Amino acid sequence: MKIVADENLAFTDYFFSEFGDIQHKAGRTLTHTDVQDAEALLVRSVTAVNESLIQNTALKYVGSATIGTDHLDIQALEKQGITWANAAGCNAQAVAEYVITALLHLDASLLEQQEKFTLGIVGLGNVGKRLAYMAQLLGWKVIGFDPFVQLDSIENVSFQTLLQQANAVSIHVPLTKKGEHATYHLFDEKAFAALQPNTILINSARGPVVKEAALIEDIQCTQRKVVLDVFEHEPVISEGLLNMLALATPHIAGYSLEGKARGTQMIYEAFCQKFGYDINKRFETQLPACEDYFSGHDLKAVLKQKLSQIYDIAQYDANIRACVKEGKVEQKAFDLLRKNYPLRREWAAHGGPQA
């Protein structure tokens, strides 16, 4: 069997080498010719799996090691009779930890604020519910908005109420353009007008959920602290926008070693189900041991002392800013940052909590 895999997928050889010949390719530039005689295709979100890519191929299975599916033309896949799978929730823990790390980097005193600090979570799926749990471990008040999901553990509110009451808003919705609850440009001029000027905004979901022109106008008016891991016009980022952001990272909020490995394992399991193979591999066997920071210690004390060692978010903010040339970060530089990003470990690897 020929298997074509994105060259940046983690542990592909460990999970798939026994099944056939793996060809590693650059995901963003994958062509019909690359996949024509392949039976399985393994991708990330940078590959648009559409009709022109998959028609008249030998493909029987497409696995995407990602939470989202907006890069997959599911209708075209099903029309061609190709089984598909994604890895919903694979890096949800990593994204939740990214958000808390970003907030504590911007304001370390949040560790002491308990319920005086209100975190508003937009989207209560795999990431949102984990973030809610982790935030509550720190004593924060959590409110959430999701038209499809209600969490018993938090206060569920309307979108408008969340915007008005939250001290920080974190976005965790898929990108949708149709229907009553479409998320494209959910954060537009009207949404920004409802936010308090000192409310922190974090987007680690999908870039176009935030209307960039409205965001720029809002920051100019309010000096709002904004953290972006995703961008409306990604992978190109303007220097003007970058200079306005409190923190910027190149779409790596979910890039933990555990998250990457978990994503590949999930599409491996779906692959095995499709082709009738036994599922007998676990990503945990491939991960090196880490220094234990948390066991037997107070959570907040450890975060105060060790957070930058667990994940030095400021370094990766500096890295993306260093890539600016002629007024912008180009696609090639953006992709290189992602490819060369050293995968951090989740808190649980250091003996810490996990949602």
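In case you wondered, yes, glycine gets a Cβ from its N, Cα and C as well.
According to Swiss-Prot, the active site annotation covers ARG206, GLU234, on the basis of sequence analysis. Annotated active site, proton donor per Swiss-Prot: HIS251, in sequence order, evidence recorded as sequence analysis. The feature substrate binding site is assigned by Swiss-Prot to SER45, THR66, TYR255, with sequence analysis given as support. Among the features that Swiss-Prot reports, NAD(+) binding site is placed at ASP146, ASP229, GLY254.
Looking only at the recorded positions ASP146, ARG206, ASP229, GLU234, the one with its C-alpha closest to TYR255 (substrate binding site) is ASP229. Ranking the recorded positions ASP146, ASP229, GLU234 by C-beta neighbours within 10 Å puts ASP229 at the top. Secondary structure at ASP146 (NAD(+) binding site), taken from DSSP and collapsed to helix, strand or coil, is coil. GLU234 (active site) has its Cα within 10 Å of the Cα of none of the binding-site residues SER45, THR66, ASP146, GLY254. Mapped onto three states, the DSSP output places TYR255 (substrate binding site) in coil. Apart from SER45, THR66, TYR255, the substrate site neighbourhood in this chain, defined by C-beta within 8 angstroms of the site C-beta centre, holds ARG44, ALA65, ILE67, GLY68, ASN91, HIS251, GLY254, GLY263.
Comparing ASP229 (NAD(+) binding site) with HIS251 (active site, proton donor), their Cα atoms are 5 Å apart once rounded.
Here HIS251 (active site, proton donor) is positioned 12 angstrom away from THR66 (substrate binding site), judged by their C-alpha atoms. According to DSSP, SER45 (substrate binding site) is assigned to coil rather than to any helix or strand. ARG206 (active site) and SER45 (substrate binding site) are 11 Å apart (CA-CA, integer value). Recorded residues ARG206 (active site) and HIS251 (active site, proton donor) have their alpha carbons 9 Å apart, per Cα-Cα distance.
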